[in-house]
Amino acid sequence: MRLTERTQVQQQFLPLWSLMASHSDTLVVFFGATAGANGGKLGSDEREIILLVWQIVDLHEKKVGKLHKCYVKPDSLELTDQCKEETGLTVEDIIKAEPLDKVLQQFQQSVSSEVKSLGRSSFTLLVNSPLVIRQVLHPEASKKNLVLPECFFSFVDLRKEFHKCCPNAGPVQKQTLASMLEYVGLPAASEQLIRVKEVRSMVQLTLCILAEPYSHKFSCVETVNYKFDSGACCKTEPVDSETVIRARGLPWQSSDQDIARFFKGLNIAKGGVALCLNAQGRRNGEALVRFINSEHRDLALERHKHHMGCRYIEVYKATGEEFLKIAGGTSNEVAQFLSKENQVIIRMRGLPFTATSQEVLSFLGPESPVTDGAEGLLFVKYPDGRPTGDAFVLFSCEEYVQNALKKHKQILGKRYIELFRSTAAEVQQVLNRYMSTPLISTLPASPIVPVPVLATQPFLPAATSTRDCVRLRGLPYTAGIEDILEFMGEHTVDIKPHGVHMVLNQQGRPSGDAFIQMKSADRAFMVAQKCHKKTMKDRYVEVFQCSTEEMSIVLMGGTLNRSGLSPPPCKLPCLSPPTAYAAFPTPPAILSEAALYQSPLLAAPRPPQTTVASPAHTLAYYPPQPHLYMNMNMNYTAYYPSPPVSPSTVGYFAAPPGAVAAAVAAQPHPAAASSVLPQPGALVRMQGLPYNTGVKDILSFFQGYQYAPDEYSGVGLAASCSQTPLSSCITSVANAAQVHLVLCH
């Protein structure tokens with residue numbers, strides 16, 4: 001019988017077997033030993049089983065059967081010194097033994113015939129701890145692709161039954177055979193071999209609690225799931241953190257069934273496997289697994305660095321919040337799609353954006369029919385309705401899935417399509433990821449307030465010595481604003497509006513540093529104390545308290561270290577514009593690239609001036625919205641923007657030549673220009689100069705205008721026009737040469 005057919009039969013008769021197990025006529029006292037660690041660490045070292053010992057107890061007649069022991073030949077004939085000492089076995093004892101599958105058949109036949117000879121109809125295994133069943137037999141049978149007899153899917157734990165019988169004896173976890181025998185006043189078995197002594201002691205204790213004055217009834221039967229049940233998880237569902245683990249190092253093509261097979265013997269909650277995806281939507285080799293209780297979670301942690309194929313898997317504790325973040329969903333469309341029971345999910349990636357349901361069904365073909373036709377397809381889309389090229393498909397059986405997977409990398413239209421096994425949790429995660437993608441069109445429209453061009457409100461206050469900021473150092477290069485907010489946890493509510501600032505390197509990429517403006521120095525001190533060296537994406541992050549002044553100096557190119565502050569270098573870094581910046585929705589016609597990336601030293605912060613400018617040239621500014629901080633579904637980049645270069649430049653966007661000329665022309669007479677220009681003299685920044693340009697070339701370029709040739713910076717060349725209207729200087733000179741002139745504050 002094939003493995004899948006046998007599993008279906010086992011599932012069909014599982015309720016009947018559970019009923020039989022709870023009303024069994026006999027108990028089979030069962031003991032097993034491995035070639036490695038035994039006792040409380042049984043199965044933790046992933047060693048194979050080499051010995052089975054059992055003895056039958058008749059519950060009605062209180063009689064005991066014959067003691068049986070059977071050696072098992074492992075694939076590796078290596079025994080640890082601990083194993084030899086505890087079991088008394090040698091390699092010569094097991095080298096002629098039968099392999100595990102044949103030994104299990106012999107066990108089944110032997111027990112069945114003996115139970116029948118006693119005139120009984122059923123039996124249940126009795127073990128001193130669940131380790132031999134859950135941590136040894138089931139994992140080893142799964143790796144060797146063996147089907148265990150039905151009797152190994154239910155058992156009775158002697159320690160738990162003893163606790164029910166004698167609750168004052170102490171907690172279950174601390175009970176041993178010796179302590180339980182001592183509590184009821186029985187001497188330990190006199191056998192020298194531990195493998196025989198263990199079974200004799202268990203039988204002796206069982207007969208004791210069956211008799212007066214205890215008259216105990218064995219009724220607490222534990223079960224092992226035959227198969228993992230997939231399903232959906234709601235974000236509002238409570239998840240106990242003591243039941244969740246994180247598995248790392250998984251093969252990228254692993255499915256939820258593969259992970260459940262790795263944890264075979266432990267009961268995973270329905271829909272309790274959530275595969276994690278990276279920033280590109282691909283599996284990153286990690287998964288969050290939720291078990292039915294903390295006992296099974298603790299047993300799962302003992303499988304740390306056990307192998308899945310040729311790879312070892314790391315197992316760590318996780319939280320319920322982490323599981324819900326990956327597996328939880330709120331979409332009614334997804335819930336309806338996943339509501340169909342016993343369906344296998346396939347993910348299709350790389351679909352043409354114009355692909356229809358009928359084209360996908362035709363691509364899969366009649367040999368792999370989709371459940372309910374087009375209703376069994378779920379296309380993944382962006383919030384604005386654009387297709388992403390991903391889709392999920394439901395199939396009713398494994399045979400259809402195998403036929404569909406044969407279409408992997410076949411062509412649909414002009415694109416090859418990738419097909420993978422998927423899970424309900426992955427469906428939720430992919431939908432959540434794409435539906436939360438920040439788009440400019442999704443930014444809230446109500447907070448937009450027009451502000452004059454030359455009086456754009458800055459995102460940062462003037463530099464002060466108040467230590468109301470924190471510096472984050474050592475961030476992962478892939479970390480974004482959402483990761484920083486998650487890292488800060490409950491302290492997120494204390495961040496000032498527009499108070500998250502990422503530091504870029506000379507190539508315009510994240511440098512691993514960030515500055516956070518807090519509402520007060522006390523809040524900044526609290527964050528530095530509680531978040532210092534806290535982990536973000538497997539890296540610990542250093543958190544230091546600092547001031548706005550220190551932050552500005554660092555963002556302009558200086559350094560902040562243990563020895564103090566260092567000013568920016570003489571040569572300014574060449575910064576490239578970021579590739580995407582949704583937090584500043586400024587049209588290209590209003591803000592030039594030169595205006596966005598001014599030299600920090602040529603744009604010293606000043607309080608904004610009250611000006612009168614043409615309403616046709618205004619900027620959209622998003623004012624602070626503190627009440628929106630607690631909305632976890634908001635667009636983070638809209639309310640926690642980071643400046644493109646440094647906080648000293650964002651608030652001082654300069655107008656392009658056309659905007660300044662229009663502003664000057666709007667005045668009734670030349671004297672009114674003073675209402676636009678905040679001071680008599682102004683600076684002009686020139687971009688596009690030849691590399692061999694000198695000061696004399698600059699002065700010759702501005703021939704005919706009044707300038708101060710002695711006023712230039714040691715960092716970058718600049719010209720200062722003192723009397724002549726600057727608008728005519730910009731418009732006329734810029735038209736005469738391929739040089740960008742930008743008005744600077």
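The backbone N, Cα and C atoms fix where each Cβ goes, and this holds for glycine too.
Among the features that TrEMBL reports, domain 'RRM' is placed at 244-316, 345-420, 469-544.
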Q) In the predicted model, what is the mean pLDDT computed over the domain 'RRM' (469-544)? A) 87
**Q.** Residues in the domain 'RRM' (469-544) grouped by DSSP into helix, strand and remaining coil
**A.** 25 helix, 33 strand, 18 coil
Q) When the domain 'RRM' (345-420) is classified with DSSP, how many of its residues are helical, how many are strand and how many are coil? A) 20 helix, 28 strand, 28 coil
**Q.** Within the domain 'RRM' (244-316), residues counted as helix, strand or coil by DSSP
**A.** 15 helix, 33 strand, 25 coil
